[in-house]
Amino acid sequence: MEHNDMKTEEDRQITPLGIYVTLLGLVTVAFGMADILVWAGVSPGFQVGILAIAGDDFFRWAWGGFIVVCAGLFMLAGCTRVTSLQQSAKVVLGGVLVWLIAGTDIFARLCGAIPAGETSPAFFNSVSGFLAAFAPPYTPAVLLLPFTLGIVYLIRIHDTDDS
Amino acid sequence: MTPSAAVVAAADAGGADVMVFSSDARWEMVDAITRQTVTYGTYKQTLGDVLGDLTVKPLTGIPVAVAALYAFWSVFTSFAGTLVTDGFMVKFFDGFWLPWMQSVWPDPESWLYFLFVGNPAADTCFEAFGMLTSGLFVSIGVVLPAVLVFYLMMTILEDSGYLPRLAVLMDSVLHRIGLHGYAIVPIILGLGCNVPAVTATRILETKKQRFIMMTLLALFIPCGAQLGIMMSVLPDLVGVVMLCLIVGFGIFGFVLHTVIPGENPEILVDVPRYHWPVKEYVAKKLWNRTKGFLKEAVPFVLFGILVVNLLYLGGVIQGLANLLEPVFVTWFGVPKETVGPLIAAFLRKDLAIAQLSTIPMTTYQMVASVVLVTIYFPCVATFVVMLREGWKELLAAIAVLFVVVFIYGGIIHGIGILLGVA
């Protein structure tokens, strides 16, 4: 009975999970495109609330933006019959790419936050200085991070299937 | 396992006992091993399997490879550049070590001061160029963190099972330049250090493949130390320099593949499942690789600075600079002062780039001279390993190298003139 229910869930084209993945994919593609466009000079960098795109260097915004676009496209490619293994894998791969960009952004902040500034005589940053380095604004990938946690559910259901 | 009755004992020429198994006994052993090691059942595809397949298919695999490279480079620059070198080492060496050395070492006019401390007016270790100032700063402050994080990332990629997938993905591209997918191993290793990379060319089957790979490694793959220095002294130009090197790698790889006779066979790659790297193995590999690198890097950097300073004192570098001026200024479009760093490049390329950073140059000249230093003669450690692989191959590689440096240096200058930057 449970098996049949699962089948029905897999066969259904539009599910709440599918809608979530579609929306996530669309936003991810939009964020990735924004990264690239700002880098290309369409806008001289912008900040909206806690979201900021500096667009000042090729590596982070053009190359990184391309990866975010790919992540969104992978999610969109897997948004129908999302619980099937093949489709889930595409969504998970998209999530992994977002985690990779967000992870490197956070790691870059961490590495910049540990030492004191160039002009300071001290070697290590103060605690308040360290914490201040993690204050907003954030890059699009970091903002996407909490919203991609739903993808962990897809990993979990297939993990349960395997065991 | 107990050998069956069919086992016959015989004696070899030396008198030692040799076990000779009959065909039946061998099959019995195969069956016994199979019973103990093989589990039969229905194969069920897992999420990991599908992800593994997706990272090998070009449509999905190429973006993943691009992302892996991004993460690799991002972690490398954040850790080695921002955190360790810029965050702590520059401050320590320029703020404490250099002023201390300058104050305690006697007689700034002496040649011993010039050799060990360097320029008495220098404010930074890059400018000083003494054995105990720039030498220690380059080897410990810049190269060590760069190499450490590079080998950590490399080991994680290797042990997680991604590297064989990258080999499969790159196979068709690398076949166009006479190599196959597993050539990605020496290429990535070369980005850490060319010495193990040259040894890793043994993974390639034919002489032709090994020769092409060794030559391209010596020419177009900058080592981790070089990358670390480039990031420190010219961070805005690393992208342009790398682009010049990647284009050169493709063009000259294709030319070598076309010109050199020989086979380029297909490979059969065993692609393991994705898995979490075991931290004990990662730590062990990291330690062995870093230890090996440090053993040769630190003495070579210190010795390199000593030799270059002696050559400066003896007027040899000035003489060579005057002699080679027409080639450097007219053909390559770089100042004649770059002759000194090119000589230093034979000892350590990272050292040469540090030296280049102190010469006043235009952006074009800086890019051209860094590319020249990279594609010019391999450093002495790589040279020795290449010699171990065969002196004929080494001589051929050097001949190719001189031709490529001359042609590619001229091409870059030509492009610079056309773009109006040279």
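Cβ coordinates are placed from backbone N, Cα and C, and glycine is handled just like the others.
Note that the coordinates shown come from a computational prediction; the quantities given were computed from them, not determined experimentally.
TrEMBL annotations:
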type	residues	note
DOMAIN	B:142-233	domain 'Nucleoside transporter/FeoB GTPase Gate'
DOMAIN	B:241-289	domain 'Ferrous iron transport protein B C-terminal'
DOMAIN	B:295-389	domain 'Nucleoside transporter/FeoB GTPase Gate'
TRANSMEM	B:67-90	transmembrane segment
TRANSMEM	B:136-157	transmembrane segment
TRANSMEM	B:177-199	transmembrane segment
TRANSMEM	B:211-231	transmembrane segment
TRANSMEM	B:237-256	transmembrane segment
TRANSMEM	B:297-321	transmembrane segment
TRANSMEM	B:366-387	transmembrane segment
TRANSMEM	B:394-419	transmembrane segment
Same-chain residues near the transmembrane segment (B:211-231), Cβ under 8 Å, at least 6 residues beyond its ends: 76-77, 80-81, 85, 138, 142-143, 145-147, 150, 177-179, 183, 186-187, 190-194, 197-198, 201, 204, 237-238, 241-242, 245-246, 248-249, 252-253, 256-257, 260, 297, 348-350, 353-354, 370, 374-375, 377-379, 382, 386, 389, 393, 396-397, 400-401, 404
Helix, strand and coil counts within the domain 'Nucleoside transporter/FeoB GTPase Gate' (B:295-389) (DSSP): 79 helix, 0 strand, 16 coil
Residues from the same chain, set at least six apart from the ends of the transmembrane segment (B:237-256), whose C-beta lies under 8 A from its own: 176-179, 211-212, 215-216, 219-222, 227, 230-231, 363, 366-367, 370-371, 374-375, 400, 404, 408, 412
Cβ-Cβ under 8 Å with the transmembrane segment (B:297-321): same-chain residues at least 6 beyond its ends: 111, 114-115, 118, 129-131, 134-136, 138-140, 143, 147, 193, 225, 336-337, 339-340, 343-344, 347-348, 350-351, 355, 379-381
Same-chain residues near the transmembrane segment (B:67-90), Cβ under 8 Å, at least 6 residues beyond its ends: 124, 137, 140-142, 145-146, 148-150, 153, 157, 162, 166, 227-228, 231-232, 235
Residue numbers, six or more beyond the limits of the transmembrane segment (B:394-419), whose CB comes under 8 Å of its CB atoms: 211, 214-215, 218-219, 244, 248, 252, 256, 331-333, 364, 367-368, 371-372, 375-378, 383, 386-387
Three-state composition of the domain 'Nucleoside transporter/FeoB GTPase Gate' (B:142-233), taking helix and strand from DSSP: 79 helix, 0 strand, 13 coil
Within the domain 'Ferrous iron transport protein B C-terminal' (B:241-289), residues counted as helix, strand or coil by DSSP: 30 helix, 0 strand, 19 coil
Local confidence of the prediction over the domain 'Nucleoside transporter/FeoB GTPase Gate' (B:295-389), expressed as mean pLDDT: 80
